[in-house]
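According to Swiss-Prot, the feature acetyl-CoA binding site maps to 124-137, 160-169. Taken from Swiss-Prot, the feature compositional bias 'Low complexity' covers 209-220. If you look up Swiss-Prot, you'll see 226-239 marked as compositional bias 'Basic and acidic residues'. Positions annotated as domain 'N-acetyltransferase' by Swiss-Prot, on the basis of sequence analysis: 1-190. The annotation N6-acetyllysine is assigned in Swiss-Prot to LYS56, LYS146, LYS233, LYS244. The phosphoserine feature in Swiss-Prot is assigned to SER272, SER276, SER315; the stated evidence is similarity to another entry. Annotation comment: Swiss-Prot describes ARG305 as asymmetric dimethylarginine. Here Swiss-Prot flags ARG323 as omega-N-methylarginine. The region 'Disordered' annotation in Swiss-Prot covers 196-239, 252-287. Taken from Swiss-Prot, the feature site 'Crucial for catalytic activity' covers GLN58, and the record attributes it to sequence analysis.
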Amino acid sequence: MEFPFDVDALFPERITVLDQHLRPPARRPGTTTPARVDLQQQIMTIIDELGKASAKAQNLSAPITSASRMQSNRHVVYILKDSSGRPAGKGAIIGFIKVGYKKLFVLDDREAHNEVEPLCILDFYIHESVQRHGHGRELFQYMLQKERVEPHQLAIDRPSQKLLKFLNKHYNLETTVPQVNNFVIFEGFFAHQHRPPAPSLRATRHSRAAAVDPTPTAPARKLPPKRAEGDIKPYSSSDREFLKVAVEPPWPLNRAPRRATPPAHPPPRSSSLGNSPERGPLRPFVPEQELLRSLRLCPPHPTARLLLAADPGGSPAQRRRTR
């Protein structure tokens, strides 16, 4: 396949490996390209044209390989170029093969389901003008060595009859294990364990950043120590202790006279009324005659003397009767 730009300058090696980023490979020393030329756009054009040619050769309604699909999936494409025939000195593309790891549920010889993640052949195309010249085997063998897998460990997505004959001719893959999906696996597929897919570029980038500039993680939050379980007071005890506290009433009630504090050792309670500790002892009984005698002997008050001096004519008995 020919293109209007220099393919030989874009792909220095005979076989070029591209991932989802579609970055141009390193250029040879001394090779110059104008700055205005977008190399990634040229790569996207090549992949789109190869996908269309492959879909046409397999009688597919739409291409299964395109630059946009490559950028949205973790697939790898191997592109084979022809440097011998240099039409207009720009080189040409012979074909490509696209692979990628996929998680599949496949049946074994006992029809048991197995969850595997093998390397899958997703698209394979060699230009019609250069078929049966060994280019397909060269490209396929290079992919096996680069991915470090054996032919019987592969799973092929909807292979064409040409591809099945190719695998039978060059790798003796003939007996298939029936599946319920569109993938084809061959006898010996379960004999070896499949290599897990490479870590994602994002995870690799994060791990490298952590190695260069490790960020200290926040310390784990410590929980407060659990209190030792002691004797729990009953609710009634708490109430009694609360009532023991003397609460002073607000002003002016707090100025009222308080009751006298009872003696520390009160006298023993007796059935006698005179000995009652609550009412106290009564005064002894005084006869009426003695009370009157004490009043007569008591000197008069100064005020009474003044009244007697103001009324000398009246006798004390008369004054006592008129009052």
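Placed from the backbone N, Cα and C atoms, the Cβ positions cover glycine too.
In sequence order, VAL184 constitute the residues six or more apart from LEU164 (acetyl-CoA binding site) in its chain with CB-CB distances below 8 Å. Neighbour density around each Cβ, counted as other Cβ atoms within 10 Å, peaks among the recorded positions HIS127, HIS133, LYS146 at HIS127. Counting every protein chain shown, 21 other Cβ atoms lie within 10 Å of the Cβ of LEU167 (acetyl-CoA binding site). GLN58 (site 'Crucial for catalytic activity') sits 10 Å from GLN161 (acetyl-CoA binding site), taking the CA atoms of both as reference points.
Counting in whole angstrom, GLN161 (acetyl-CoA binding site) lies 15 from LYS56 (N6-acetyllysine) by their C-alpha atoms. Confidence over the domain 'N-acetyltransferase' (1-190), given as mean pLDDT on the 0 to 100 scale, stands at 90. LEU167 (acetyl-CoA binding site) sits 18 Å from LYS146 (N6-acetyllysine), taking the CA atoms of both as reference points.
Of all the recorded positions listed here (GLN58, GLN161), it is GLN161 whose C-beta has the fewest other C-beta atoms within 10 angstroms. The sparsest Cβ neighbourhood within 10 Å, among the listed recorded positions (LYS56, PHE124, VAL130, GLY136), is found at LYS56.
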